[in-house]
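As structure tokens, the structure follows; a few thoughts come after it.
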Amino acid sequence: MELEEQKKYFHGTLEITIFDATPFSPPFPFNCICTKPKAAYVTIKINKKKVAKTSSEYDRIWNQTFQILCAHPVTDTTITITLKTRCSVLGRFRISAEQILTSNSAVINGFFPLIADNGSTKRNLKLKCLMWFRPAYLEPGWCRALEEASFQGIRNASFPQRSNCRVVLYQDAHHKATFDPRVDDVPFNARNLWEDVYKAIESARHLVYIAGWALNPNLVLVRDNETEIPHAVGVTVGELLKRKSEEGVAVRVMLWNDETSLPMIKNKGVMRTNVERALAYFRNTNVVCRLCPRLHKKLPTAFAHHQKTITLDTRVTNSSTKEREIMSFLGGFDLCDGRYDTEEHSLFRTLGTEADFYQTSVAGAKLSRGGPREPWHDCHVSVVGGAAWDVLKNFEQRWTKQCNPSVLVNTSGIRNLVNLTGPTEENNRKWNVQVLRSIDHISATEMPRGLPVEKSVHDGYVAAIRKAERFIYIENQYFMGSCDHWESKNDKICSGCTNLIPVEIALKIAAKIRARERFAVYIVIPMWPEGPPESETVEEILHWTRETMSMMYQIIGEAIWEVGDKSHPRDYLNFFCLANREEKRDGEFEAVSSPHQKTHYWNAQRNRRFMVYVHSKLMIVDDTYILIGSANINQRSMDGCRDTEIAIGCYQTNTNNTNEIQAYRLSLWYEHTGGKITADDLSSSEPESLECVRGLRTIGEQMWEIYSGDKVVDMLGIHLVAYPISVTGDGAVEEVGDGCFPDTKTLVKGKRSKMFPPVLTT
């Protein structure tokens, strides 16, 4: 099995240590006038993609080690190590992936002569380096890694793995009282995120730090009259934050400044974040609000600060003292328009209840013309312990880089603020948690090991996938990557969508097929990315998504063919989306006008259907490890030099009482299937089983028929629908029906944009 994979794929971790190079020595007669050396650095590329860079050193001594994740075709992969100064290329050394894999020694070590651009060897210029390749199949699985306590977290991250943390997992902003997923006959405590956020902010005594993509100060967090905190009903975020600041709490708000947003001409910007509204609201108050652009050396307006965190102090639980500790929330939710929703994800039945009608995926939509609204499904997490302090540190590093650090609180001067890192008696503080980021030195101080870029979110995804033994469950707003394996040669070259997550999943499935072991992957994404489906950006993102799906199914189909199995690619990999369809009821909101006939808006309203927008960013592996945060599965989020992101990767060290990761997955499945999949179903506790795969797929296919049919039939709370593609036995992806999403003229397979460069849409 492993040898077959190695013949095709350079798949594993390439560790390269750059030691030093021949010292600077100008040739005669320039040695009399050019006595000062220039700072030199080394870059490492896989094919045309730069994957590592050393610091610049005058003495040409670096002693820097890089772990480079690889999942590339063997025949087309070359590693290029280049010695440079700021103004010139001094020389290169190239080695093919095939040479590394067929080397007699596991280690390639030595002083290597460098080659000039004209192909001549520079005998007096050598670079000392060491290369060592570890195939991915040698990675221990999660079960063994945790039993042996060998998993110590992601190496190239700013923050280490922290023990003795408390983690609470959330789905959706709020839940109805009737939402009751159960695990082993015990109700899963599905918490109400926005109520918990309100209570946490209200109880803060020293600091409330918020980093966001957007924030609406007029947003109401608590709206349910049956809440435990009735005094909070109707209170806006802005009112709450101003009140806390007047009590002496340091409230600091750091929002992304969309530089395409120009309030003087009433242009809301490409992303329509309306952050100027927050800035104006907090002006002349004790709340310090700052707008920070995502600075970038090439395209200053193209990328975003996409982190979503709330960090504050909270009372130490189960303590009779007045000690306080740090708590942090992070994930997919911003405190802004359209995010409030429940597990019901209604289209038409809640239009008259709140003043935040949100529908950005239908051109011309507004409340006066009626629904459907855009339902919102998202996931979030709160953490207490050492990892919460790391989220605080991330905020401080970003604020220090772009704002005035003097307005930050000196936490070491707060006497009763403690960091409880040691073992405790609390059963719920049995989590190991690591904070992961996508960020660079332009946006944060104190980068890990002096590296200019951190992409530990990407590395965390890859590490978790490589350790997977049974199944993977993903919910994400986007799913694209691994362009080196795409079918279109032009897309491979121009897209730059090189993150390895999709191909890692496909190679994991292929390896399991060759080993004749069960394995299953479930991926839930939106029907289309947010925005009118006929827009060029949406259509191009759909195109990249189709390339990614096709590549994965092709790899799986080839593995099935190689072993002569009679299984189908969809016995291993399935894509789903969420959707709703509602029959009309008495008492619904009545629009004062109607959409133009034959438009997408008119069709969706007449057919009473629309997608549930999946904004989650989470991955669950083997019910053992969960990665959750703000990062999408695309190049913008995984690159490190594009959007800034934050996430946590975590697992329980003791699951004797409850496996909370499994309970969370089952709660999500309970929501998506309207209670059809519960913890009582044997197959749901064995997600890798063919029974479970076919059970979920059957639900998805049946609900797609109801959703896409001509007759308006209520989906009765079952939102899981099969993504509208057909897959052949050999892994070819084909169209379903007319190839368009219902009510639209938009092709499911998308198409390339003639206007936007791929760097914006990948």
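We count from 1, first residue shown onward.
Here the Cβ of each residue, glycine as well, is placed from N, Cα and C on the backbone.
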Joining D172, H345, E671 at the Ca(2+) site recorded in Swiss-Prot, out of H206, H377, is H377
Cross-ref Swiss-Prot: 1,2-diacyl-sn-glycero-3-phosphate site H306, Q477; candidate in list H174, H175, H615 matching that site is H615
Top of the recorded positions D172, D313, D622 by count of other CB atoms within 10 A is D172
Reading the DSSP string in three states, the entry for D172 (Ca(2+) binding site) is coil
One of the recorded positions H306, H377, E671 has its Cα closest to the Cα of H615 (1,2-diacyl-sn-glycero-3-phosphate binding site), namely H377
Mapped onto three states, the DSSP assignment of D313 (active site) reads strand
CA pair D622 (active site) / E671 (Ca(2+) binding site), Å rounded to integer, equals 20
Within 8 Å of the Cβ centroid of H306, Q477, H615, the other same-chain residues by Cβ around the recorded 1,2-diacyl-sn-glycero-3-phosphate site are G332, N476, Y478, K617, S630, N632
According to DSSP, E671 (Ca(2+) binding site) sits in helix
